[in-house]
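A.B. asks: Let me give you the structure first, and then I'll get to my questions.
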Amino acid sequence: MGLGPVFLLLAGIFPFAPPGAAAEPHSLRYNLTVLSWDGSVQSGFLTEVHLDGQPFLRCDRQKCRAKPQGQWAEDVLGNKTWDRETRDLTGNGKDLRMTLAHIKDQKEGLHSLQEIRVCEIHEDNSTRSSQHFYYDGELFLSQNLETKEWTMPQSSRAQTLAMNVRNFLKEDAMKTKTHYHAMHADCLQELRRYLKSGVVLRRTVPPMVNVTRSEASEGNITVTCRASGFYPWNITLSWRQDGVSLSHDTQQWGDVLPDGNGTYQTWVATRICQGEEQRFTCYMEHSGNHSTHPVPSGKVLVLQSHWQTFHVSAVAAAAIFVIIIFYVRCCKKKTSAAEGPELVSLQVLDQHPVGTSDHRDATQLGFQPLMSDLGSTGSTEGA
């Protein structure tokens with residue numbers, strides 16, 4: 001049975017970590033997802049690859065074709081890169097479908113198996129590699145690809161899934177050992193190749209800063225400072241009164257989110273007394289540069305950015321979609337003609353793994369709607 005169009009909410013696309021004194025390591029991250037429907041593993045799979053935290057490759061159909069995500073990647077690397085990645089991603093998708101087929105406790109309905117692989121090269125040339133498995137969005141198994149050490153959460157369900165998958169992977173011990181050694185080496189080899197090509201040069205793109213104010217309410221106004229179009233993602237944005245930073249509890253920060261073109265955006269807001277606008281400024285610091293931005297006086301027309309417009313449209317579309325689904329289900333119940341959903345909503349959560357220190361790169365998550373034709377041809381033969 002084919003799934004038809006599947007709506008996915010895919011999280012963890014962009015990893016974030018608090019800025020520290022040490023330089024961030026270079027990283028290559030593979031995120032693969034396969035699906036099953038009523039115990040039948042579907043033929044499609046979804047893969048997203050991030051290079052130094054930026055979207056790099058994406059493969060979302062049965063006949064996968066890796067495509068560069070953003071002009072910054074397309075300008076540097078040629079067709080040979082995409083051909084090689086397409087071949088490797090297709091093989092990895094097949095392996096993950098075979099793993100999903102050996103999970104014994106699958107029940108009716110839609111289920112997902114997600115594999116995340118991350119390799120890093122640090123400033124001192126040390127390396128780290130890890131692999132993590134999620135079933136229906138829940139982490140159940142992690143492995144340090146360098147030490148071959150496995151870890152798993154304490155829940156009984158996670159341990160059952162972990163033993164199931166480990167037993168399958170250990171059916172041929174020598175093959176498994178060779179496979180994971182190659183996985184570790186290949187990831188680092190690809191990362192070094194990209195570093196050598198110059199595609200991940202530590203470029204800097206300064207932010208555009210815009211300060212807006214709301215209409216007065218009970219003698220107060222809300223002032224918002226937005227920074228957009230900057231890279232890298234770590235930025236300082238805060239409000240100051242007479243040159244002194246406001247306390248943390250008087251400000252509200254938005255998450256640092258991708259703009260969709262390889263850069264990032266964020267905002268900070270606070271409430272101030274009407275008439276004291278000239279005492280407040282927004283302070284921005286990014287990649288060694290800093291600037292201050294005053295609150296505009298008088299009434300200001302606030303124009304929506306492309307991201308805001310998309311966000312509002314997406315929320316409205318989601319609300320309409322939910323209403324339609326609710327109406328259809330009610331009608332089906334009344335007519336007793338429900339034969340299973342044509343549109344399925346799947347939420348794959350790229351969470352922090354529990355019980356391992358190897359996967360440290362996802363502390364803030366944003367959600368991005370994604371439409372895909374996964375599994376349009378039904379189950380795979382021989383996985």
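In case you wondered, yes, glycine gets a Cβ from its N, Cα and C as well.
Dumping what Swiss-Prot says about this protein:
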type	residues	note
DISULFID	Cys59-Cys64	disulfide bond
DISULFID	Cys119-Cys187	disulfide bond
DISULFID	Cys225-Cys282	disulfide bond
DOMAIN	207-296	domain 'Ig-like C1-type'
CARBOHYD	Asn31	N-linked glycosylation site
CARBOHYD	Asn79	N-linked glycosylation site
CARBOHYD	Asn210	N-linked glycosylation site
CARBOHYD	Asn220	N-linked glycosylation site
CARBOHYD	Asn261	N-linked glycosylation site
LIPID	Cys330	S-palmitoyl cysteine
LIPID	Cys331	S-palmitoyl cysteine
SIGNAL	1-23	signal peptide
TOPO_DOM	24-307	topological domain 'Extracellular'
TOPO_DOM	329-383	topological domain 'Cytoplasmic'
TRANSMEM	308-328	transmembrane segment
A.B. asks: Just to be sure I understand, if DSSP states are collapsed into helix, strand and coil, how many residues of the domain 'Ig-like C1-type' (207-296) fall in each?
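C.D. replies: Residue counts for the domain 'Ig-like C1-type' (207-296) by secondary structure: 6 helix, 54 strand, 30 coil.
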A.B. asks: Where among the disulfide-bonded residues Cys59, Cys282 do you find the Cβ with the fewest other Cβ atoms within 10 Å?
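C.D. replies: Ranked by other Cβ atoms within 10 Å, the disulfide-bonded residues Cys59, Cys282 bottom out at Cys59.
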A.B. asks: Calculate the per-residue pLDDT averaged over the topological domain 'Extracellular' (24-307) and state the result as an integer.
C.D. replies: 82
A.B. asks: CB neighbours of Asn220 (N-linked glycosylation site) within 10 A?
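C.D. replies: Asn220 (N-linked glycosylation site) is surrounded by 11 other Cβ atoms within 10 Å.
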A.B. asks: Compare the C-alpha of Asn220 (N-linked glycosylation site) with the C-alpha of each of the recorded positions Asn31, Cys119, Asn261, and give the closest one.
C.D. replies: Asn261
A.B. asks: May I ask which of the recorded positions Asn31, Cys59, Cys225, Asn261 is closest to Asn210 (N-linked glycosylation site) if we compare their C-alpha atoms?
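C.D. replies: Result for Asn210 (N-linked glycosylation site): the nearest of the recorded positions is Cys225.
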A.B. asks: Under DSSP, is Asn79 (N-linked glycosylation site) helix, strand or coil?
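C.D. replies: Its secondary structure by DSSP: helix.
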A.B. asks: For Asn31 (N-linked glycosylation site), identify the closest of the recorded positions Asn79, Cys225, Asn261, judging by Cα separation.
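C.D. replies: Checked the recorded positions Asn79, Cys225, Asn261; minimum Cα distance to Asn31 (N-linked glycosylation site) goes to Asn261.
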